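Visitor: Just lifted these from TrEMBL, have a look:
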type: DOMAIN; residues: 68-270; note: domain 'Cytochrome b561'
type: TRANSMEM; residues: 62-82; note: transmembrane segment
type: TRANSMEM; residues: 102-123; note: transmembrane segment
type: TRANSMEM; residues: 135-156; note: transmembrane segment
type: TRANSMEM; residues: 176-195; note: transmembrane segment
type: TRANSMEM; residues: 207-229; note: transmembrane segment
type: TRANSMEM; residues: 249-269; note: transmembrane segment
Amino acid sequence: MRSGSVTRLRTSSAERTLGYSAFLARRHLYRRPAYDSAAEGKHDKKQHIMDESAPRPGRSMFAWLVGASQLLGVASVVLTGVWMGHYRGGFAWDGSGREFNVHPLCMVLGLVFLQGDAILVYRVFRNEAKRNVKVLHGIIHLLALIISIVGTVAVFDFHRASKTPDMYTLHSWCGMATLVLFSIQWVMGLLFFLFPVASSWLRASYLPIHVFSGLVLLVMAIGSSLLGITEKLLFSIMPTYSQFASEGVLANILGILLVGFGVLLGYLITKEEFRRPPNPEEEALSVHFKTLTEGGSPTSP
């Protein structure tokens, strides 16, 4: 009897020991993930800081491409000035050929270089406040528009003084169409986005058209410039153009620079990696099709 009691006592003690060991094992098992989770959180945070501080190949390539585009754009403006200043007699506002020289310089500076930079600000300042970028975008476009109008007035004034017919060449048709559409684009952007008077639905619907039209207008401006370069060379140095005259070579290089500027701008504008990161302001403009069809109204941008 006493032996059985001792045996049961030993068994209970062993069970309690095993139970306590199991409890400790379970406690350790349940607490370990919490420890691991905290450690992993610290590791992830440290890794995130290292990733942020480390240079990213995409950012480096973007900076190089933007720099190259600006180099090509400035070189195009400078080369146009050298062409008109050195080979065509300089600049004036007296109805002579020197007044005509104002035209190509203003068009390359305004409709090509400044228009391209106005579009590019959304990529260069993609982490800045959208409102500030909108204002900068509109101001640069306004400056480009004013300079382009000055260039257009210069060529019409020259034609009037020299009794030259207006608007009979392909260059003049394409150039005028570009300037008129550019003016409409600027006014529409002013009314829809900078000082919005349209509804959110209209703004969201027009936004893709506005972006696409900006790229098309840049292509049209560069194309019109190329036509103008060829037209000017044929009118001015037709007998010596085929003999690789220095003026012709310089003008051809100018055309290549303009094409290169347009290609780089097109790549920077259309590459998804270089777009602005999403933020609540932009999401308000990016209206989902389901929202529109179900009658919901998005928050205003």
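Cβ atoms are placed via backbone N, Cα and C, with glycine included.
Because TrEMBL annotations are produced automatically, they should be read as predictions rather than curated entries.
If you look at the structure here, what lies around each of the features I listed?
Guide: Residues 104-105, 108-109, 112-113, 116-117, 120, 123-124, 250, 253-254, 257-258, 260-261, 264-265, 267-268, 273-274 of the same chain sit 6 or more residues outside the transmembrane segment (62-82) yet have a Cβ under 8 Å from a Cβ within it.
Sequence-remote contacts of a segment are chain residues at least 6 beyond its ends whose Cβ falls under 8 Å from one of its Cβ atoms, and for the transmembrane segment (102-123) they are 62, 66, 69-70, 73-74, 76-77, 80-81, 83-84, 91, 93, 133, 136-137, 140-141, 143-148, 150-152, 154-155, 158, 175, 178-179, 182, 214-215, 217-218, 221-222, 224-225, 228-229, 232, 258, 261-262, 265, 268-269, 274-276.
For the transmembrane segment (176-195), same-chain residues at least 6 beyond its ends with a Cβ under 8 Å from one of its own Cβ atoms are 111, 115, 134-135, 137-138, 141-142, 144-145, 148-149, 152, 167, 202-203, 206-207, 210, 213-214, 217, 220-221, 224, 301.
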Visitor: Take every residue in the domain 'Cytochrome b561' (68-270), average their pLDDT values, and give the whole-number result.
Guide: 95
